[in-house]
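Please find one structure pasted underneath; my questions will follow.
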Number of protein chains: 2
Amino acid sequence: MAENMEHLEELHTWIRNGDVQALLEMSRALHPADAAERLAVLRPEELGRYIELLGTAQALDIFEFVPFEIQKETLKYLPRTILVELMSLMSPDDRADLVEELDEKSQERLLSLLMQAERQDILKLITYPEGSAGAYMTTDYAFLRADGTIRSALDQLRFQALKKETIYYVYVVNQARKLIGFVSLRELIMAHPDMDIAAVMNKNVISVRVDEDIENVAKEMTHYDFLAIPVVDADDRLVGIITYDDVFDVMTEEATEDMYLLANLDTDEKISSPLPRSVKLRVPWLLINLCTALLAAFTVNFFSGTIARYVALASLMPIVAGIGGNAGTQSLTVVVRALALGEIKVKGNWKVLFKQIGVGFFSGLICGMVMAGIAYAWFGNVWLSLILWMAMTTNLILAGLFGAMVPITLRKLKLDPALGSSIFVTMATDVGGFSTFLGLSSLLLHYLVE
Amino acid sequence: MAENMEHLEELHTWIRNGDVQALLEMSRALHPADAAERLAVLRPEELGRYIELLGTAQALDIFEFVPFEIQKETLKYLPRTILVELMSLMSPDDRADLVEELDEKSQERLLSLLMQAERQDILKLITYPEGSAGAYMTTDYAFLRADGTIRSALDQLRFQALKKETIYYVYVVNQARKLIGFVSLRELIMAHPDMDIAAVMNKNVISVRVDEDIENVAKEMTHYDFLAIPVVDADDRLVGIITYDDVFDVMTEEATEDMYLLANLDTDEKISSPLPRSVKLRVPWLLINLCTALLAAFTVNFFSGTIARYVALASLMPIVAGIGGNAGTQSLTVVVRALALGEIKVKGNWKVLFKQIGVGFFSGLICGMVMAGIAYAWFGNVWLSLILWMAMTTNLILAGLFGAMVPITLRKLKLDPALGSSIFVTMATDVGGFSTFLGLSSLLLHYLVE
């Protein structure tokens, strides 16, 4: 911490005094991602001044690693010429994402400053719906025509001077710009310079449509271990590529989303969300849960006469419901994860369902027997133990049934398999647990109370 | 499904008849990952025959995409020469992972067949502990000495004939094999062929130690958007690289692990695990949960006198505990995820804790008030409503406190922040919810029962 404070003091001083030399040295000594982390604590006007001092070409690499929120604020403090320069140098997908974050007025002002080609490129990219391949792709890719030799291809690529890691696959298109193949940079290097591109290229090119769900794109890329995947429009024309680092982000977001939905959390919540926002995002879920908890309360209330006559039931009933809830969450989590990873075949639903029910049955038999023994030691009533055993076994069957059925059904309805699923499942195990345990107790009450 | 059955029939026939031509055509028409998926349903002896027919060089790409379990079985059916050829062609990390899967006898038999260099390479890789960078790295990387021109470097790489995507960063070492820099393949192509490597290379090379936790390596790589990261030994000597596709796998495994631990599941369970194995893996967790549920039951039992006098408490108490459990899971999930993504600074623990307590307090006030209103409409007792309100607010404070404290403490103890955490948290909200609600009711019982 002390070290960071020192760095911050230094930075403040350098920027105040316009010490370009010191700023340049720091920027070169660090990886852009690390430099960005250090700069992210500056005020936006200071960050703006930093870009001015260093020049856009020098500052760009670092600026692209600064979080969007801070990028957005910084733009306001940049002189017009620097702003235009910076935007035209940024990689197309980052640029479009940034413009999308701006309010409408700033968007218009910014777009009016840019060149026709860049403006159109941004407008095209920001119109793709959130979560589609189009919204994640970059238009900064390397492509070639099929005619010509390897040597001419390499020369051409040298002059295309592409940024970043987007050059490692070079896509081959025909005259209508339709995607017909690809060559990896490695193959270009390895092949004899006089060979034809057509002879080296892989014709078996796998691409995704621009409107494809980005989660499916990530699945494709990890399935094939691709570094990048080409994105085509409805007419098979190459319009962009998605690279492995975008997949890193998508995988992280997807895992967070699933975990959040299983815990009944809004996906907009962050660890850094201000307290009122967190409360606002969580309370609706808790209130929905309150409704289902009320159902459980009504179930218990229905048997209040039985409880009044044998109050030990009140102590034992949370165990039946609680273990059921835990078993339900187990089945639910296994199934939700398997659906997310594409491990369940469309035709395999029944098998999954029966297995989870079976696991619930046998786990219920075992845990129920243990609990029956404990209850016998505690209350000394063999009928109470038998009722517990039966209720726990039944409830763990319900846990397996609902734990598998709820996410499978949600997916069939084209909803996220994790959405609200744990509320449904615990409702089933609460209501199921209370009603089997208290229901059996009511039926056999004369054995419990002499 | 019907189509797949047809493919399988065809495959059976081709392999039985030794139709190399048809097999070659199929293998070339598909991406290796897809071909592997189709072949994975064959019996191991058939897959072995397929490799023999095609020849190892042709079959290798596809074989590397076949799941380990099936690879392992297939090895048993390969003639010795084919086996040796296949193993020596496989990429070093996949090969070491496969050998690690074998039982000791098969391992020895296989190692005895291989050449000295390969044997040593395998033995070196399989001795790295599970979950370390060494266990994931490949020894198949491109490296150069700092002296020499770009032109000579490119020629050298052409002759190194490296496999796969491992060539995109070329590492520069000194005479002691210490890592001193790197050049991307893109930079090699872009630079003038007569320039010196030393002039083009990046000296600011970021590497990981061979014993580093692979989850930290994945975090580094996604932080920097790296395609590959070099792995060095204690003396800074280059010993391997880890590539982006390994990170895909690590990220998937890591997310699964966190989700499973939050649901009290063993990380060895898979959707395809046989039923008895699933039961065996789940029952221990359920039994641990049974112990904590017993604590809650004892709490309720302590107040059984109160419940006997006012049985409505039995209906309402699951609501207090249930909403508390849900709120606790919310805080827990946010904190566990933030810890996994490195979003919580070491010094930021207190801030996180206080915020979660605050969120619990305000959510409790709101949900408690709603529940108080419902209870008033149901039972018409203002004291009961007040008790509910207070109990729910207190319990949601506990939910925030334990939801944040448990994972933070687990991490301080160098354990996984998600390990068993939900059991602790629901224990706290169950015992806390029952004891505050029933405790307050006992104190104020004369207001509840006229």
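Using N, Cα and C of the backbone, Cβ positions are placed for all residues, glycine too.
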Which range, A:58-85, A:226-253, A:422-449, does TrEMBL list as transmembrane segment?
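That would be A:422-449, the stretch labelled transmembrane segment in TrEMBL.
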Using a cut-off of under 8 Å between C-beta atoms, tell me which stretch among A:357-380, A:386-410, A:422-449 contacts the transmembrane segment (A:310-336) the most.
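The stretch with the most contacts is A:386-410.
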Going by DSSP, how much of the domain 'CBS' (A:201-257) is helix, how much is strand and how much is coil, in residues?
25 helix, 16 strand, 16 coil
Which residues of the same chain, at least 6 past either end of the transmembrane segment (A:283-304), have a Cβ under 8 Å from a Cβ in it?
264-266, 313, 317, 321, 420, 423-424, 426-427, 430-431, 434-435, 438-439, 441-442
Give the nonlocal contacts of the transmembrane segment (A:357-380) in its own chain as ranges (CB under 8 Å, at least six residues past its ends).
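Distant contacts of the transmembrane segment (A:357-380): 312, 316, 319, 323, 327, 331, 386, 388-401, 403-404.
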